[in-house]
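To start, the structure itself, in structure tokens.
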Amino acid sequence: MPQRFIVVTGGVLSGIGKGIFSASLARILKDSGVNVNILKIDPYLNVDAGTMNPNQHGEVFVTDDGYEADLDLGHYERFLGINVSRKNNITAGQIYYSVIKREREGKYLGSTVQIVPHVTSEIKDRIKTMDGDLLVIEIGGTVGDIEGEVFLEAVRELAFEIGREKFHFVHVTYVPYLRTTNEFKTKPTQQSVQLLRRIGIHPDTIIVRTEMPIDANSLFKVSLFSGVPRNRVINLPDASNVYEVPDVLHSLNLHKLIAKELDIDINDRFNWSYPKSFELLKIGIVGKYLGTDDAYKSIIESIYLSGAQKPIVIDAQELEDMTDEQIKNYLDDFDALIIPGGFGRRGIEGKIKAIKYARENKKPILGICLGMQLMAIEFARNVGKLEGANSTEFDENTPYPVVNMMESQKEVLNLGGTMRLGAQKTQIMKGTLLSRIYDGQEVVYERHRHRYEVDAEAFPQLFKNPGEEGYKLTISARSDFVEAVELDDHPFFVGIQYHPEYKSKVGKPHPIFKWLVKAAGGKIND
């Protein structure tokens with residue numbers, strides 16, 4: 001059980017960077033010699049994020065142990081340089097499911113099951129099972145959300161039971177700038193802190209998020225009306241690069257203040273290195289989730305951490321109505337393309353057209369999960385002349401099911417948590433570009449999230465092993481399934497069934513993205 005706790009709450013509105021702040025502070029303390037762990041609490045009733053729409057909630061992040069999580073766990077892994085697990089995320093759905101299950105099993109011995117104490121006790125018990133000496137707890141949403149109240153009550157009770165001196169509460173809030181009057185408005189933050197105090201939680205530190213640096217008088221007002229000392233009201237304006245945040249926090253010495261208050265010994269060593277200059281490469285993600293960049297968060301960050309500027313999301317549906325010439329005119333402007341994972345029929349034909357363009361014009365392209373499957377379909381249609389080739393996901397009656405549902409998935413009825421998930425052993429074939437990318441490693445463990453597979457056995461005319469002759473897709477990685485394909489005589493035509501984006505860390509992006517960036521810059525043989 002952890003001995004010290006930092007609890008991060010949010011105020012005014014969501015999406016203001018609690019996850020980045022929590023990950024940054026945890027990284028600083030980790031580098032300072034503290035055995036730190038981190039936990040994300042999501043108040044939604046979903047058991048996990050696996051069935052959520054990426055347009056609404058952002059990407060689903062997959063851990064090594066096969067848990068489908070909120071994208072904040074991706075921030076934790078990238079910033080801390082660690083691999084988290086399902087234990088690092090608690091949802092309201094998990095808590096209520098567990099409590100109801102216990103009641104049905106008679107574990108409460110006939111008690112009237114209530115929010116307090118039964119639900120709060122379940123939350124506290126899960127927090128107590130976490131590893132590490134110091135636990136950073138990020139509570140999702142904002143203070144005042146009805147679904148989050150039970151979690152705030154649980155951490156309040158925990159602080160009372162264990163000892164308030166072992167807890168440090170950080171409230172991350174937002175102060176808007178009203179351009180019509182040229183002033184910052186602190187009233188929403190004041191009211192947010194008042195709500196928190198009514199619950200029984202008095203913040204020790206307030207992080208004031210703003211679009212631009214705030215004036216000292218506004219910070220004084222936040223301090224005065226919140227009852228938090230001025231030196232603990234800290235402004236964090238928007239950064240052009242989120243990887244600047246740990247440096248900024250470290251310079252503000254917040255970690256020293258917290259360590260002193262929690263009686264933690266630190267050595268104040270901080271080793272933080274991230275890309276500060278970027279190649280001006282235009283890399284396109286041919287996708288279908290356009291509502292937010294968060295839908296492809298880990299891919300975007302992997303490209304960024306590999307030293308290239310932020311990729312652009314291309315609407316796959318727009319490509320569907322274009323001719324080959326129009327697509328060429330449009331995509332010629334890009335240095336490389338990525339076909340990401342996804343589900344459903346929408347935009348599929350546009351992605352296939354983009355793959356055809358990249359194959360014929362030797363444009364560097366990376367297909368991830370569904371992207372690899374579509375590479376096989378495109379090759380079957382346009383090279384193998386198998387008219388109507390498809391995946392049974394999109395056409396159950398296709399005459400050429402190049403992509404089919406895995407046998408183990410055909411009897412599965414529920415959608416949540418039932419795919420082939422998490423780290424799976426993958427054998428890399430010698431003599432392939434993929435083998436060069438992995439620096440000769442023969443076995444790797446990569447994270448998966450899929451129900452469908454490329455059926456190479458049924459269509460041997462389309463695939464070959466490394467070193468064999470003929471214009472076919474080379475199978476460059478295997479498990480019980482086809483894990484990767486590539487194309488000879490092409491600078492970078494690589495499809496992978498797994499998701500390398502989930503394993504990129506600050507200072508250590510996944511090598512597949514580093515090589516894609518090299519190919520985009522024409523440096524594949526450097």
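Glycine is no exception: its Cβ is also placed from the backbone N, Cα and C atoms.
It should be emphasised that the depicted structure is a prediction, and the values quoted were computed from it without experimental measurement.
Going through Arg436, Arg447, Arg451 against Swiss-Prot, the one listed in the L-glutamine site together with Gly342, Leu370, Gly371, Met372, Gln373, Glu393 turns out to be Arg451. Of the residues Ser14, Ser22, Ser24, Ser32, Swiss-Prot puts just one in the CTP site with Asp145, Ile146, Glu147, Lys185, Thr186, Lys187, Pro188, Thr189, Gln190, Lys221: Ser14. Residues Gly15, Ile16, Gly17, Lys18, Gly19, Ile20 are recorded by Swiss-Prot as ATP binders, and the candidate that the same record lists for that site, out of Asp70, Asp72, Asp125, is Asp72. Ranked by Cα separation from Thr189 (UTP binding site), the recorded positions Lys18, Glu138, His499 are led by Lys18.
Ranking the recorded positions Ile146, Cys369 by the number of CB atoms within 10 A of their own CB puts Cys369 at the top. The distance from the Cα of Leu370 (L-glutamine binding site) to the Cα of Thr186 (UTP binding site) comes to 46 Å.
Of the candidate binding-site residues, Gly342, Gly371, Gln373, the one lying closest to Gly15 (ATP binding site) when CA atoms are compared is Gly342. Of all residue pairs in the ATP-binding list (Gly15, Ile16, Gly17, Lys18, Gly19, Ile20, Asp72), the one with the greatest Cα separation is 12 Å apart. Cα-Cα distances to His499 (active site) place Cys369 within 10 Å, out of the recorded positions Lys187, Lys221, Cys369.
Neighbour counts were taken as the number of other C-beta atoms within 10 angstroms of each residue's C-beta; across the binding-site residues Asp72, Glu138, Glu393, the minimum falls on Glu393.
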